[in-house]
Amino acid sequence: MARARVLIWAVCALRLALATVYFQEEFLDGERWRNRWVQSTNDSQFGHFRVSSGKFYGHKEKDKGLQTTQNGRFYAISARFKPFSNKGKTLVIQYTVKHEQKMDCGGGYIKIFPADLDQKNLNGKSQYYIMFGPDICGFDIKKVHVILHFKNQYHSNKKSIRCKVDGFTHLYALVLRPDLSYEVKVDGQAIESGSIEYDWNLTSFRKMEESSAESKDWNQAKDAKAQDWEQHFLDASASKPSDWNSELDGDWQASLLQKPPYQDGLKPEGIDKDIWLHQKMKNTNYLTQYDLSEFENIGAIGLELWQVRSGTIFDNFLITDDEEYAENFAKATWGETKGPEREMDAIQAKEEVKKAREEDEELLAGKFHMRESHFNRYYRRDEL
């Protein structure tokens, strides 16, 4: 086991040389976490955090994380890091969350913020780029949120992604790729994937952008044709030569002929719009790749949520551009402690059952003793 652990960390160290790690937090340095994480003072009623491994754990130190401590409170805390853009890069957001209080209603999600976040005033209205993670409330809401900010609006994934609802630590990971594909992983397994464009209903935005671009380019082309009216026009009688090779010679176009100035109030109509659009769309580079999952100024991570019952522990935060590094980091942290955590919980459960049985036996013994004493007093009184 020790050799396997050393090997995993060696792989992490090797992969780290290739990966870019923007943020990583394990809370392994005592109270120094307070220098990195800023509690919002926007509301005096916000709940407070502490660092704890909880009532049961796989490793007392390694499983320490940010824990909510007060029931029925909003929480707001954040940490800043060097700003970056994920343009043209994969973005991996990963962390662990443990609802050891057996969550009945509350959030377990995180938010990724722009670098200009006002940490002291963090609240529910603070703009964020990404919201990701579990949300539980009653029997109806048991889902994983994946919300992206695009065109000044928040867009939720239209698929229903179910979260874990037990009291153990679970690993959540979101992968956003430059090809507009994505994955949601829970405990290292992909539970949802697909296209960012379609699973967030963003195709309408693309169509609107394309329509706007087409109209703008069409008007510009029409104006250019009007200015050029007195000089040239397409030779409608021309046809492509039979020996024309498009691969060698390029796209064939009819030649331009000299045209006399228009007269008697006639205005140039330019080229037909449908023909123009057809020619324009033949260029495969025309459809712009919109930044559906690109964020220019990522600079903070935080928790901004509500909980009815407190006790949730957040740990092993990671933001990177390398999927393999994220997987290895998960194995070296959550992967090492998930088994022992369940073993400790099972031991505690047995001890609680044993203690409850002993208390019941003591209670029964006490009741029997009371009855016996009462019987003896009553019997002796009758004898007298």
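Backbone N, Cα and C atoms are what each Cβ position is placed from, and that goes for glycine too.
The alpha-D-glucoside binding site annotation in TrEMBL covers TYR109, LYS111, TYR128, ASP135, GLU304.
The disulfide bond annotation in TrEMBL covers CYS105-CYS137. For CYS137 (disulfide bond), the same-chain residues lying six or more positions away in sequence with a CB closer than 8 A to its CB are ASP104, CYS105, GLY106.
Feature annotation from TrEMBL assigns signal peptide to 1-19.
Local packing around the binding-site residues TYR109, TYR128 was summarised as the count of other Cβ atoms within 10 Å of each Cβ; on this measure the leading residue is TYR109. In sequence order, GLY106, GLY107, GLY108, TYR109, ILE141, LYS142, LYS143, VAL144, HIS145, CYS163 make up the list of same-chain residues 6 or more apart from ASP135 (alpha-D-glucoside binding site) whose Cβ falls under 8 Å from its Cβ. By a simple count of nearby Cβ atoms, those within 10 Å, the most crowded of the recorded positions CYS105, LYS111 is LYS111. Listed in chain order, the extra residues whose Cβ falls within 8 Å of the Cβ center of the alpha-D-glucoside site residues TYR109, LYS111, TYR128, ASP135, GLU304 are GLY107, ILE110, MET131, PHE132, GLY133, HIS145, ILE147, GLY302, LEU303, LEU305. Within 10 Å of the Cβ of GLU304 (alpha-D-glucoside binding site) there are 24 other Cβ atoms, across all protein chains.
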